[in-house]
Amino acid sequence: MANLLSLNDLTVSEIDEILDRAEQIREMGDAGWFAPNHLLVANLFFEPSTRTRFSFETAEKRLGLQVLNFSSAASSTQKGETLYDTVRTMQAIGAKAVVIRHKKDEYYRELLEGIDVKILNAGDGAGNHPTQALLDLLTIHQEFFAFRGLTVAIIGDLRYSRVARSDAEVLNRLGCQVLLSGPEEWKNEKLPGKYVPVDDAIEAADAVIMLRIQHERHETAMKLTKEEYHDRYGLTRERAERMKPESIIMHPGPVNRGVELDGDLVESAHSRYFKQISNGVVARMAALEWALDLKDGRQASEPERIAEKL
Amino acid sequence: MANLLSLNDLTVSEIDEILDRAEQIREMGDAGWFAPNHLLVANLFFEPSTRTRFSFETAEKRLGLQVLNFSSAASSTQKGETLYDTVRTMQAIGAKAVVIRHKKDEYYRELLEGIDVKILNAGDGAGNHPTQALLDLLTIHQEFFAFRGLTVAIIGDLRYSRVARSDAEVLNRLGCQVLLSGPEEWKNEKLPGKYVPVDDAIEAADAVIMLRIQHERHETAMKLTKEEYHDRYGLTRERAERMKPESIIMHPGPVNRGVELDGDLVESAHSRYFKQISNGVVARMAALEWALDLKDGRQASEPERIAEKL
Amino acid sequence: MANLLSLNDLTVSEIDEILDRAEQIREMGDAGWFAPNHLLVANLFFEPSTRTRFSFETAEKRLGLQVLNFSSAASSTQKGETLYDTVRTMQAIGAKAVVIRHKKDEYYRELLEGIDVKILNAGDGAGNHPTQALLDLLTIHQEFFAFRGLTVAIIGDLRYSRVARSDAEVLNRLGCQVLLSGPEEWKNEKLPGKYVPVDDAIEAADAVIMLRIQHERHETAMKLTKEEYHDRYGLTRERAERMKPESIIMHPGPVNRGVELDGDLVESAHSRYFKQISNGVVARMAALEWALDLKDGRQASEPERIAEKL
């Protein structure tokens, strides 16, 4: 029972456990819905989100959790409340876990003391996005059954993307070769990985992760038009033809068609774009079970918890 | 099992079937709540709405469906995602149906291929609003037990109102005489029906449907004050007195009291305004059952489906 | 079965009954969740709120009610609908109760006739906030087991605070001595209580209720900086040290740390800030049960209702 702030806090065996469970739930199909329980979870999204919020909410409902949804525009944070007080309030109301997206890097630092609810990080600024990394790992594992020795290219906004950071760190730790590429001004020396030209990255990779251009974060930072970006750094149809036969295309979404990816590639045979989204639900179910110590939608009993550790 | 985009896509016998089922559910009263199931439905309202969204949400909850609610202001559509990608994402998350309101006429055209969830149109621009038409039909049928031979007046913004269009087309098809009236600049030659002066329409009609002035759609289009509009085209108390004794007043809501209708008429003996809203819930339950092939809140088995067709 | 608009409408024995039931539910802990029923409740928050809305929503879910949430920004009230028509619409949709927060004082006056759903006031302008008063009473009662003879200080924005008004009136009625203090321009001659200097109030009180500065309501009204306000009218650490040993600190939230209260006092031994929030859920459960005539999350039968009255 722990927070999920960054995959860096998890051991490889904990990551494996979560991925195995996610795959197990996926295989259960419609049986992977559990009876309602009395555990309250609050989704606190201080930044707009469709896919991540709906993905978490669906995961929570399938686990039988009771869900509170927070839309930052309609809330007391306008009244100047600290994040600590908001989360501590959710605890007082009875929440057992909170899922938080916030534009501030490591917003969770102020929540590490005094809070007794589990925190699942749904994205902190340019920091981490651990459940996105989990679903990306799940998607890659479904394809290649292992991580060690794979080559994964991460291309685009390496500087501000929390997806890039979360993916690069965990893929590197799991033994993948990480190739990085994108505009010079978005280079990020802190990421583990090797910078190579876009064409080289795409040709060498088993999995190509194209990052979203976050127009809402740095509107003026990039001087290229969308067409220019696509030509220089995007996955064009020409580049896609030079990918390895078994390689896959990934993207954290929402995709800007014709910018990061040629629109026709979104649902191409190589693409796992919508599969990633489906994987997001089961990955988040497994992550919530892990954080809340759940077993098939109810809290694990003490003997079950001990058995689990053996 | 089909989309519900416009009533034009439905046969008369399909419409009858939905209306019969709606009436049946209405008569069940409190027993018309079904056990929770594992079918996920997303309400995607890209335009503001209270009554339609709450009506659909209540219908979904009474059917035992699992509901996701989307508020366009807090979503990724701000991030430039296409509607296709948003809906395809809901499918990947596990939704079996999406209820969509969108300001764009026939937004659903881009969803007809590649999407494998049922789409229920909750209003497209100045296009269609099929569940509003269903609840209007149900309201008229409860009163007159038939459609053929009835005279229905539709008065007001005939040009931009999707209610006018949906109602006029289906009422005409079902054998009603449709009378149309309203400001000259809002005439719509495409609507089936006969233009007559307001007073004539009101005096001849069995049902008078007063359309809402959509201030948010064409603020400057109309040069009349509210009082002038009411005097010339509204249902004043004087006009109401000249209605036939058994005739009824309808309005899709929300009503601008004193503009389309004299405020005192909203809950008068002739008015079915709030009854329409109640009918909306059962009409939408029946529509969702039809679209999702449900039977008392669960998916129909193969034998049940075959029996249904006999 | 009645509305909950102001505690002034309730007898002392009704208030006692609600408080007893709230305490009983609190002691039930996790057993204080009841089976889902088919009663629909709509939360209509026309002003931003986190804690009150989540508190009511949690209370409703624990009672097994079906919940509709209304975000005023995304609704038809933008389309000019009256509050009466909105609430009457919720009734037509099937709601049995509506929880309303609205910036207009006594907004509920227009709802007293023609509406057949229970109205629970979640705050009307500078009027009343009865469920906040209930949770404050519950918090005080848990500490002192009685009200008569207690001294309660209410400090701050006495003019615009509905919490001040609701608390002062009911505490005075229940036999507490109410001390009032705060800036001269926020004095409110209508409140029952005795004006005294801040230091005197804090030293004499068994319970000190510090009111929130409502920056969003009167931005320019106050000429003091936050620091100046804190020094003159806030609960500083120095003042807190002069409180009676058994006395408690309360605040309706959200707190402006360093303004009404020194930040360190929010979770001090004297503070009941987060306990108030927890009490809010059970107080609202009891209030909903009272308003809707519920018994353990289902509607009381006629014999039960009669037995109750004996």
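Note: Cβ is positioned from N, Cα and C throughout, glycine not excepted.
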Listed co-binder of carbamoyl phosphate (same site as A:Arg51, A:Thr52, A:His129, A:Gln132, A:Gly253, A:Pro254, source TrEMBL) among A:Arg21, A:Arg88, A:Arg101: A:Arg101
Spatial neighbours of A:Arg212 (L-aspartate binding site), counting only the binding-site residues A:His129, A:Gln132, A:Gly253, A:Pro254 and Cα distances within 10 Å: A:Gly253, A:Pro254
Three-state secondary structure, A:Thr52 (carbamoyl phosphate binding site) (per DSSP): helix
Inter-residue Cα distance where the pair is A:Arg162 (L-aspartate binding site) and A:Pro254 (carbamoyl phosphate binding site), in Å: 14
Residue with minimal Cβ packing [other Cβ atoms within 10 Å] among the binding-site residues A:Gly253, A:Pro254: A:Pro254
Chain B, Cβ under 8 Å: which of the binding-site residues A:Arg51, A:Arg101, A:Arg162, A:Gly253, A:Pro254 qualify: A:Arg51, A:Gly253, A:Pro254
Residues of the domain 'Aspartate/ornithine carbamoyltransferase carbamoyl-P binding' (A:3-142) by DSSP state, where helix covers H, G and I: 71 helix, 28 strand, 41 coil
A:His129 (carbamoyl phosphate binding site) to A:Arg162 (L-aspartate binding site) - Cα separation in whole Å: 6
Candidate with the highest Cβ count within 10 Å, taken from the binding-site residues A:Arg101, A:His129, A:Arg162: A:His129
Other residues, Cβ within 8 Å of A:Arg51, A:Thr52, A:Arg101, A:His129, A:Gln132, A:Gly253, A:Pro254 Cβ centroid (carbamoyl phosphate site): A:Ser49, A:Ser55, A:Ala122, A:Gly123, A:Val163, A:Pro252, A:Gly280
Confidence summary (mean pLDDT) of the domain 'Aspartate/ornithine carbamoyltransferase carbamoyl-P binding' (A:3-142): 93
